Amino acid sequence: MTNLRKTHPLMKIVNSSFIDLPAPSNISSWWNFGSLLGVCLIIQILTGLFLAMHYTSDTMTAFSSVTHICRDVNYGWLIRYLHANGASMFFICLFLHVGRGLYYGSYMYLETWNIGVLLLFTVMATAFMGYVLPWGQMSFWGATVITNLLSAIPYIGSDLVEWIWSGFSVDKATLTRFFAFHFILPFIIAALAGVHLLFLHETGSNNPSGLSSDADKILFHPYYTIKDILGVFLLILTLTSLVLFSPDLLGDPDNYTHANPLNTPPHIKPEWYFLFAYAILRSIPNKLGGVLALVLSILILALVPFLHTSKQRSMMFRPFSQCLFWILVADLLTLTWIGGQPVEHPFIIIGQLASILYFLLILVIMPITSLLENNLMKW
């Protein structure tokens, strides 16, 4: 008798994706982040669902409903902090996942990579709208500043902003629609993640060497399921430690003050995971230029496959490219730091130099270095 998991219409999809999937025998722990992102998404959807049961998307009661969740709901504080810090863990896994893709040349799978870039944009949009919901000072002013950037678009900019706000400022209608979008987007993310996996399984996984692994495959289960479970345990350990010992470490104290349109906070800044893009935005004195640079800082990832000039896929055997990759990582950390600093000397010039270096590395320096490495190896 044939095994049910191989014949049943639903079970055979799961079987071919997670059980009998042929996987390269040499993939390292850097390949764990896909499953960790799936776990993060499940945590966010579940905690978000329970929060939505008690939250009210009204400017008069939003802030007090979050207070009510933390004080009066059974384990409400735990659910709220799991959701807030779960977003941080989501972005840590996301950045490491993208970094691994850049380092090992996974971007050569064009469809998978482009869906991934689309996923990154969607997750960023979801996180931004979620940050507005508690209706604290930073929620209100962050929403005002970021949505107002759309007014830089020629001709339709100001109309577009008023259309998004549903009025002349961020108000009740804006909060209600942000809550609606924040609720629906994670399910769209889940669907996109399914498409992401579909395209990945068309080609099979990449591996650290960047060479074809068709001659040496092993079963996904039990080898990589066990490996993924270890990663999940470490993720949950880190998340629970953060939630139980230092839940406000990554938050902003200003968000514990009720939103007040008449009182601007001294330093308006987004959550830590947007600071690198925020620093690039602030580095350009022109509004439209800043907005374009902000969008391009993420959209540049879609160009990476076309800038690949090396004859090797992975950076594993390319020491010069490796050095440049780690310079890029350091540059992004510098931008993250700058994004959280006030707009004054010397932070302005450091931010501008780091922004220039970011675009130069990806668009010019790394492709030229790859060509030089080809010549050094006489290819």
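Each Cβ is built from the backbone N, Cα and C atoms, and glycine gets one as well.
Quantities reported herein were computed from a predicted structural model and do not represent experimental measurements.
Per Swiss-Prot, the features are:
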type	residues	note
TRANSMEM	33-53	transmembrane segment
TRANSMEM	77-98	transmembrane segment
BINDING	His83, His182	heme b b562 binding site
BINDING	His97, His196	heme b b566 binding site
TRANSMEM	113-133	transmembrane segment
TRANSMEM	178-198	transmembrane segment
BINDING	His201	ubiquinone binding site
TRANSMEM	226-246	transmembrane segment
TRANSMEM	288-308	transmembrane segment
TRANSMEM	320-340	transmembrane segment
TRANSMEM	347-367	transmembrane segment
Other CB atoms, at most 10 A from the CB of His196 (heme b b566 binding site): 21
Outside the transmembrane segment (33-53), six or more residues from its ends: residues with CB under 8 Å to it: 69, 79-80, 82-83, 86-87, 89-90, 93-94, 96-97, 100, 182-183, 186-187, 189-190, 193, 228, 231-232, 235-236, 239
Intrachain C-beta neighbours of His182 (heme b b562 binding site), sequence separation six or more, cut-off 8 angstroms: Gly48, Thr126, Met129, Gly130, Leu133
Two-stretch contact, the transmembrane segment (288-308) and the transmembrane segment (347-367), at least three Cβ pairs under 8 Å: yes
Between His97 (heme b b566 binding site) and His83 (heme b b562 binding site), the C-alpha gap once rounded to whole angstrom: 21
Fewest Cβ neighbours within 10 Å, where candidates are the binding-site residues His83, His97, His201: His201
Tertiary contacts of the transmembrane segment (77-98), as residues 6+ beyond its ends and Cβ separation under 8 Å: 30, 33-34, 36-37, 40-41, 43-44, 47-48, 50-51, 66, 69-71, 116, 120, 123, 127, 130, 235, 238-239, 242-243, 247, 250-251, 271-273, 301
